[in-house]
Amino acid sequence: MKASVYDFTLKELSQLLKPSFRAKQLYLWLYAKYKTSFKDMQNNFSKDFIAYLEREFTLRTIEIAHVRKSIDGSKKYLFKSLRDNHTFEAVLLKMKDKKIDEETNAILEGEKYTVCVSCQIGCQVGCTFCFTQKGGFVRNLKASEIIQQALLIKEDNNLPIEKALNIVFMGMGEPLNNLDEVCKAIEIFNTGMQISPKRITISTSGVADKIPILAGKNLGVQLAISLHAVDDKTRSSLMPLNKKYNIECVLNEVRKWPLEQRKRVMFEYLLIKDLNDSLDCAKKLLKLLNGIKSKVNLILFNPHEGSKFERPSLESARMFADFLNSKGLLCTIRESKALDIEAACGQLREKKLSQQI
């Protein structure tokens with residue numbers, strides 16, 4: 001089976017293609033001009049070279065299978081692999097609307113978008129609050145499949161080539177359990193799509209022994225830790241992984257994470273009604289994170305069919321956040337997006353699979 005050309009870093013292509021400057025030309029066709037056929041690259045490639053590319057490589061290996069649009073402008077994408085027909089998800093989040101001068105119609109500030117990408121089909125971690133775990137683990141995604149999620153979403157929304165995106169590895173799968181492909185994708189996002197590592201966030205459930213491996217790669221990305229509880233008993237009930245990597249183990253590795261000036265490690269905390277949303281939990285969280293340059297991102301549980309958990313009130317979330325902020329721990333409440341379109345991780349995929357049975 002031919003490899004996808006999207007699986008290769010610029011350095012790898014420079015070693016494969018002769019002369020080596022062909023690699024940069026090919027990258028421009030792929031990531032600056034969105035060409036999806038080698039024949040469309042004839043302007044500066046000879047027929048013989050195009051024949052070589054067609055013989056050695058393939059291009060697109062995934063396609064959009066389904067899209068759902070939210071009333072808030074967000075979109076949930078279901079992608080299908082063209083090789084094995086397995087499906088996985090990504091989400092386009094519209095973070096800010098365009099600002100226009102009412103008198104001149106000049107664009108003062110463009111829209112801001114975040115793409116939430118998947119790195120695995122299914123997940124091995126098995127978090128009880130997450131819809132993805134229902135389908136079990138299928139396989140890791142290749143770097144090319146991660147990259148194509150962002151490319152296809154940009155194309156589908158007619159976003160300008162130069163439009164910068166934020167990339168968050170918060171879709172299906174645990175990034176640190178597919179670290180090689182995730183790191184390769186990050187390099188290609190940077191050199192190919194011109195997305196700065198500062199715009200990329202890796203969210204992990206806390207695979208503690210791989211955090212220093214990621215740190216050692218010096219990628220310059222942001223780190224987010226899915227914490228979700230302030231004691232091991234509660235966290236283990238939500239995240240079985242905690243039985244192997246408990247809170248103390250994870251935080252010990254986080255303390256060693258290299259931080260640029262003015263940067264913080266993000267801690268994601270899923271608020272679940274009557275489980276971890278009390279003021280007492282907020283006090284314990286403050287104590288846990290003492291000495292760590294951090295930011296807490298509160299997420300209100302996104303209800304889905306079959307879950308025993310409930311969404312807390314916005315009032316309780318504000319009390320939680322206000323307490324932490326009053327004590328000097330930066331805390332925000334994540335704005336809920338796409339609640340009307342099965343945006344919970346794995347929800348759209350599971351729905352489509354159920355319809356096929």
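Cβ atoms here come from the backbone N, Cα and C positions, even for glycine.
Listed features, source Swiss-Prot:
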- Glu89: active site, proton acceptor (ACT_SITE)
- 109-340: domain 'Radical SAM core' (DOMAIN)
- Cys116-Cys345: disulfide bond (DISULFID)
- Cys123, Cys127, Cys130: [4Fe-4S] cluster binding site (BINDING)
- Gly173, Glu174, Ser203, Ser226, Leu227, His228, Asn302: S-adenosyl-L-methionine binding site (BINDING)
- Cys345: active site, S-methylcysteine intermediate (ACT_SITE)
Spatial neighbours of Cys116 (disulfide bond), counting only the recorded positions Glu89, Leu227, His228 and Cα distances within 10 Å
Glu89
Rounded mean pLDDT within the domain 'Radical SAM core' (109-340) lands at 94
Whose Cβ, among the binding-site residues Ser203, Ser226, Asn302, has more other Cβ atoms within 10 Å than any of the rest?
Ser226
Sparsest-packed of the listed recorded positions (Cys116, Cys130) - C-beta count within 10 angstroms:
Cys130
Minimum Cα separation from Gly173 (S-adenosyl-L-methionine binding site), reported as the residue among recorded positions Glu89, Cys123, Cys127, Cys130 that achieves it:
Cys123
Return the single residue from the recorded positions list (Glu89, Glu174) that has the minimum number of other CB atoms within 10 Å.
Glu174
For Cys123, Cys127, Gly173, His228, listed as binding-site residues, tell me which one has the smallest number of other Cβ atoms within 10 Å.
Cys127
Within 10 angstroms of the C-beta of Leu227 (S-adenosyl-L-methionine binding site), what count of other C-beta atoms is obtained when all protein chains are considered?
28
